[in-house]
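J.: Pulled the feature table from TrEMBL, pasting it below:
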SIGNAL    1-26  signal peptide
BINDING   185, 296, 300  Mg(2+) binding site
């Protein structure tokens, strides 16, 4: 991990983070507070931390620990650069087992109920598929050849799943050598959760953290709720949404990490485990929730579900604040999210808002059909 002023690998996410900061700065001016901002480069993207109201010693100590934490997590979780995870995946591919750091064991444990509730739409065992499509990279668009139909058919027949992963203490093994772990759809959520814990331990009461454009809030922004930007998958800003203390906004879309099909269509990096191909139907999904881990995994699951599976996936994951923009520039939204969002434009709505209750937490993830 390194400190960075900019990166060419994620300009649109960089713009989203900048929009979030600008909105947060404009959200209130009722009191003067010291502001400390730090930018780091980790997980192939930018991490921005804005701290308000803390003295220099507090903020410096907190940011130093955050930097150390993210450096350690990158060494443990990276899906394609040498890491504990790549070592574990090599052992699984050979039919063996490997010792895992505590953080990887936690990722597996936190992923299990969400993979079950999403009916496999979110599944971290599909790392081999991600690699085959060329998405184990920080450079986009991907220009390598996509996997052929014969390879995809073999992968579908093998169908690696997280429930085939066994953890005994700190030892990870699998009954299926096709299992390759990739926590790209949940790692930023868990990292964000841990960062908030670090900040709070150092006495920081107000902060906004952006990991690759996914945002978690602590306290408020200068006396008022934080207000952060929503990226429009068709360019620019879609609008903004209010974030209260300990709320997270996670999104996924086809606008940043993608490859082009032979016909020139855009294939996003989110893959459908049912088909082995890029998920179609959604252009962007935004999820607001107090649990950043559920918000992160939920954004991926809903993107894979697409418009036809939007309601079922949101209900099963207990996500009350969700917005989807489809590839046809249509919008699906829940009533609780609609009450929080201010749109700069109004896509065609696919029916009335879905009523999952007034709260962003619509209950625990489902455990059965």
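Cβ coordinates are placed from backbone N, Cα and C, and glycine is handled just like the others.
Quick caveat, the model's predicted, so the values are computed rather than measured.
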J.: Of all the binding-site residues given, 185, 296, 300, which residue's CB has the most CB neighbours within 10 A?
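T.: Going through 185, 296, 300 one by one, the largest Cβ count within 10 Å is at 296.
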J.: Cβ within 8 Å of the Mg(2+) site centroid (185, 296, 300 excluded): which residues?
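T.: Going along the sequence, the neighbours appear as 122, 184, 186, 188, 189, 250, 252, 297, 298, 299, 301.
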